[in-house]
Amino acid sequence: MAYAFRAPTPLLKDELDIVIPTIRNLDFLETWRPFFQPYHLIIVQDGDPNKTIRVPEGFDYDLYNRNDITRILGPKSSCISFKDSACRCFGYMVSKKKYIYTIDDDCFVGGTTVAKDPSGKDINALEQHIKNLLSPSTPFFFNTLYDPYRDGADFVRGYPFSLREGVPTAVSHGLWLNVPDYDAPTQLVKPLERNTRYVDAILTIPKGTLFPMCGMNLAFDRELIGPAMYFGLMGDGQPIGRYDDMWAGWCTKVITDHLGLGVKTGMPYIWHSKASNAFVNLKKEYNGIFWQEELIPFFQSVSLPKDATTAQKCYLELAKLVRAKLGKVDGYFIKLADSMVTWIDAWDELNPPKGGVATANGPPKK
């Protein structure tokens, strides 16, 4: 078990899609070309659907804009956020692969902004995410050497042998060099702070512990947890933004805990190049800063029924709890609970059980 990755890491090029939300030309892909070119890209264009997004030559991709989302989902397209990076979750829905890697268009490796490990080697973020997803997690008992399945590590003395097999890993959460993923108040008081620390560690987040998930360097097993990776209803017309990935992270974590799955965080790192405007971010986050003081205790207290045995069933049960308990915090959460149900309806429509027939109208034209 602890020696699973002494062999070369499989590429999974036929089993993994890369999902990228964007409003701009994707020149950043040039720095990722050595790593991304073997894979299929799903690009979700936010904002004006009449704007032409340029994608460098040589990449295999489908590009969806708002018109495509409306055509494919019909009235259910209301659950996909507009003018917010939460639109990326549409890419999760239309993918047919087992794994997803999602990244923002201001994240780099190679070229002039090289993300390197302490030995000076370029970081192959996608390869590390694949390693994380293909090795087990240990959410039920903490190993003080962190991930025991890495080369050069194992279970320490006192670790129960009955738990050493681990559980399937559903989520691999990567980190960032350069610009940290701070909220607006922290950005305002630390405008020049940069992360230069590369911590050579991967750990399983323990069962019962929440974490703030960042969507700009994230991979997950779509078959295990995809239906729970809904980035909420954010952005245009909504009273909150920049909580999309964190909402998905809180939902996903209580569901993985319930289903006996694991979440890993740590490596790989990517180079995050651009600091967004702190004052603009504050306007988006303002309600969330208050609401999160209610949201965290809510998620800490969530208990899902035993007959909720799939991510879909868990998510629908969670939607009921959001409506009943968070609806008292603000009417927005009643709308969000409705969108959570719509999301699952749309997911099931595009991803019927094996033997069923998907009803989507096919991919867009390139």
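Cβ atoms here come from the backbone N, Cα and C positions, even for glycine.
Unlike curated entries, TrEMBL annotations are predicted automatically.
Taken from TrEMBL, the feature N-linked glycosylation site covers ARG157. When other Cβ atoms within 10 Å of the Cβ of ARG157 (N-linked glycosylation site) are tallied across all protein chains shown, the result is 5.
Positions annotated as site 'Required for activity' by TrEMBL: ARG157 (among others).
Here TrEMBL flags ARG164 (among others) as site 'Required for activity'.
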Inset, instruction - Would you count the other C-beta atoms found within 10 angstroms of the C-beta of ARG164 (site 'Required for activity') for me? - result: 17
